[in-house]
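Noted in Swiss-Prot for the protein shown:
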- Gly142, Pro143, Glu144, Ser145, Ser146, Gly147, Lys148, Thr149: ATP binding site (BINDING)
- 429-439: compositional bias 'Acidic residues' (COMPBIAS)
- 413-439: region 'Disordered' (REGION)
- 1-52: transit peptide (TRANSIT)
Amino acid sequence: MDSQLVLSLKLNPSFTPLSPLFPFTPCSSFSPSLRFSSCYSRRLYSPVTVYAAKKLSHKISSEFDDRINGALSPDADSRFLDRQKALEAAMNDINSSFGKGSVTRLGSAGGALVETFSSGILTLDLALGGGLPKGRVVEIYGPESSGKTTLALHAIAEVQKLGGNAMLVDAEHAFDPAYSKALGVDVENLIVCQPDNGEMALETADRMCRSGAVDLICVDSVSALTPRAEIEGEIGMQQMGLQARLMSQALRKMSGNASKAGCTLIFLNQIRYKIGVYYGNPEVTSGGIALKFFASVRLEIRSAGKIKSSKGDEDIGLRARVRVQKSKVSRPYKQAEFEIMFGEGVSKLGCVLDCAEIMEVVVKKGSWYSYEDQRLGQGREKALQHLRENPALQDEIEKKVRLLMLDGEVHRSTPLMSSSSSSASHREEEEEDSLDDFQ
């Protein structure tokens with residue numbers, strides 16, 4: 001009964017039959033149907049085997065065509081319904097055990113964009129894709145006198161302007177109410193905690209976060225969060241990894257609580273140097289590496305130079321450069337520059353002009369700045385002076401810049417489950433209504 005038969009299977013790679021009747025290699029060209037052709041040869045010892053193979057190939061081909069056309073058999077439809085019922089039962093069981101909303105479908109929960117609020121620095125908002133994210137952990141680190149506290153105080157002032165509550169955990173015991181007031185902080189309503197140790201600082205911040213009544217908590221700084229065991233011990237005692245373990249344990253609790261409450265946690269951090277590093281960057285932030293993982297946004301701030309007075313004999317400020325080293329809510333590795341004037345804070349007018357130039361709202365040709373058909377001045381200082389003398393024009397330019405930011409970067413943010421179940425259309429109306437709050 002030996003006969004040389006030419007048999008080949010042309011098979012779609014997404015559906016491969018697992019059967020001993022098909023010991024053949026598929027052809028290089030695929031087709032939804034199975035058929036005999038002269039691509040490969042195989043010796044078969046029984047015509048019954050050939051008949052069975054042909055019959056099974058037609059059956060598989062018809063089933064595959066049904067799958068492509070979306071036609072499900074009653075048995076398959078029944079299995080699908082049973083799986084959906086089992087899924088709903090499991091979700092209901094989890095919600096009854098751990099509380100409503102513990103597990104849900106993203107679409108039914110009202111998927112929304114990442115909610116942000118202004119950092120108070122327009123160029124930084126542009127680099128962040130709209131601002132600082134709500135309900136997330138943010139780390140700001142850099143060398144001494146680089147503007148870390150100033151940046152945090154501007155964020156606190158913006159939250160208070162929008163009617164929110166802010167808290168400052170002053171672990172360094174160096175809070176300056178006069179300087180904070182000059183930056184726009186409502187010091188009368190600012191919640192301040194000057195803790196005795198790191199455990200007290202983080203526990204206080206966690207309790208305020210869980211209350212749901214605080215919108216922003218700033219810890220200044222991680223390096224000053226001294227564990228209780230280190231305070232009670234003698235100076236010079238070796239306490240290995242106490243602060244790192246403290247931060248790791250606290251962040252495991254606080255990150256989830258902050259997300260549920262919609263409270264942003266800002267941690268200011270200092271830079272240390274690793275010993276024995278000859279190649280690469282020896283700089284490292286204090287408090288272990290847990291904060292690097294839990295932070296949704298990490299900002300590195302450094303001084304880019306001093307600002308001299310008009311006579312050139314006195315330093316009146318510094319130019320800060322911020323680099324977005326990590327961001328889970330926008331594109332990372334962007335940079336922002338702004339001027340920090342001593343005793344006054346960030347130059348908001350300079351930020352408006354810089355952003356307007358970047359987004360081509362204001363056009364610079366040569367040394368001249370112009371807005372639409374109106375010339376603002378020759379040189380940066382003249383343009384700033386013109387905007388300073390025309391507040392209405394300044395507000396108009398800033399409003400256009402923020403509208404472009406809302407239409408661009410913010411709408412490309414990562415979706416998540418919002419704590420408030422507002423629809424996308426309602427959010428767009430709120431964004432338009434809240435433009436005046438940015439002023």
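Using the three backbone atoms N, Cα and C, a Cβ is placed for every residue, glycine included.
Around the Cβ of Thr149 (ATP binding site), a 10 Å sphere holds 23 further Cβ atoms from the protein chains shown. Counted over every protein chain shown, other Cβ atoms within 10 Å are most numerous around Ser146 among the binding-site residues Ser145, Ser146. The ATP site is set by Gly142, Pro143, Glu144, Ser145, Ser146, Gly147, Lys148, Thr149; from the centre of their CB atoms, other residues of the chain with a CB within 8 Å are Ile301, Arg302, Ser303. Counting Cβ atoms from all protein chains shown, Lys148 (ATP binding site) has 22 others lying within 10 Å of its own Cβ. Listed in sequence order, the residues of the same chain lying 6 or more apart from Pro143 (ATP binding site) and placing their CB within less than 8 Å of its CB are Ile271, Arg302, Ser303.
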